[in-house]
Amino acid sequence: MVSRVIPVDPFDLVIFGATGDLARRKILPGLFRRFCSGQMPEDARIIGAARSDMDTEGFRRMVAEATREFGGGRHCEDGTLEQFLERIDYEAVDAMGEGGWEALKTHLRPGTVRAFYFSVGPALFGALAERLRHFGLADDESRVVVEKPFGHDLDSAKALNATLRQHFHEDQIYRIDHYLGKETVQNLMAVRFGNMLFEPLWNAQYVDHIQITVAETVDVGGRGGYYDKSGAMRDMVQNHLMQLLCLIAMEPPARFEPDSVRDEKLKVIRALDPVDYHHIVRGQYDADDDQPGYRAHVENPRSTTESFVAMKCHISNWRWAGTPFYLRTGKKLRARASEIAVVFKDAPHSIFGPEAGTHRNVLSIRLQPNEGMTLGVTIKEPGPGGMRLVDVPLDMSFAEALGPEAEEVPDAYERLIMDVIRGNQTLFMRGDEVEAAWAWTDPIIAGWQSRGEVPKPYDPGSAGPDDALMLMHRDGRRWRDIRV
Ligand code: NAP
């Protein structure tokens, strides 16, 4: 298979927070890979900006180390890194100060696509937006990219939107949710809307329930300070899981265009019922023999922040009335595994008799590891002995199906940055979507607080608290295994 890499237009990309963790681990190595693939044009420029007093040579050394350490361009030819580094500059700029802006401006070329990546804490978004306009670096064609978390609740998200909109139009603002940049997530749309096979069955009449799992093995590690103020609900559910839910549940958009897709996602969020608190389980990982528990990773030894959430949600519309959506996410779980599973209903009548058992088709969309899809189908067990049925997977692992090309599938950040340069907002969250997601999440969190609810402890390496298993068992269903 021949991959078609379509170069983007020349651009000037300023990365604020260029010395930070996200820039070093994702953004810069990702840009290097795009350079290796030929997607980044010769005359593209990347300008790093942060407060650190560093010259361009020092910054280039940092970028070179970051690309080596974080897997930049495995298949790049010799000398490519040096060519990439020639396109990189650095300016020391304090988002809150007045110095450095004029120097930064000298790097920007008229008539070239101009994008500003805010890879800094949200407290700096307003100051950056204001100064970009004040010093004349940004105009009505420029794009700004903002990172999560987009607010802490509905009020703060509204305030952030209002601040950004004082300086930029909505069609200039790119709110990143990197889950939307994953290959499989886009494939979900291709599978749903590019095939005749699935869409007729994609509703409450044929789908028993849907499970969305984002399981991590890592603990909160060095992010304890941030995480303890956030928790799994704000850090994962309000954004990543909600976005996945929207894509799986939305009506077919008229076109694969930014506002068509985002209008449909917004309708899903608005159709979500408030969640009954009996249908939510919060958990917090315990210590085990040789590893500290959650509370040892954060400052507050009595923290009641959740590192795990499982919940049952309902979407009140014609397509989904009566079909539950079960969501779960957590840290320190058995395996790193993210999956959307569409579990279809039983056949209405079994002609094979009760001994054949019940069999259900499950479409499993794996986000990690091994991005791909599996459709479980029921067939006859081979050999003599009557009509015994067995479930087998029709497996489409991208790495196997697409061969070496699949290894070169761009990482989510790479794809999203290239979409910014193309000016395509389809895979970015619109301001009203983010606000609607907070409007649904806020009452859940407020309920926990008013009831003084304490999360259930769970063992590291488990599938979460037992109550999460009960959430499904009560409905006569079970979670799919969390495994690699
Ligand atoms: P970080 O490691 O703390 O880096 C912050 C960056 O901002 C540094 O380059 C810092 O450099 C710069 N900075 C701080 N204050 C500044 C100021 N006043 N003016 C200019 N630059 C300033 O943070 P990060 O992990 O990269 O995260 C950046 C953003 O991405 C945050 O909003 C975070 O929530 C989000 N995010 C991060 C990840 C991740 O995996 N790291 C994932 C998702 C979202 P100087 O100190 O030199 O100024």
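Glycine is treated like the rest: Cβ placed from N, Cα and C.
TrEMBL does not curate its annotations; it predicts them automatically.
The record from TrEMBL ties His178, Lys182, Asp235, Lys331 to substrate, and of the options Glu216, Glu257, Glu355 it ties Glu216 to that site too.
Sequence-distant contacts (6 or more apart, same chain, Cβ under 8 Å) of Thr19 (NADP(+) binding site) comprise Gly48, Ala50, Ser52, Met54, Phe59, Met62. Closeness to ligand 1 is met by none of the recorded positions Glu216, Asp235, His240, Lys331, no Cβ falling under 6 Å from the molecule. Pairwise Cα distances among Gly17, Ala18, Thr19, Gly20, Asp21, Leu22, Ala23, Arg24, Arg51, Lys148, the recorded NADP(+)-binding residues, top out at 21 Å. Across the residues the record lists as binding substrate (His178, Lys182, Glu216, Asp235, Lys331), the two Cα atoms farthest apart are 20 Å from each other. Of all the binding-site residues listed here (Asp21, Glu216, Asp235), the one with the fewest other CB atoms within 10 A of its own CB is Asp21. For Lys182 (substrate binding site), applying a Cβ distance below 8 Å and a minimum sequence separation of six or more within one chain yields Leu367, Glu371, Ala412.
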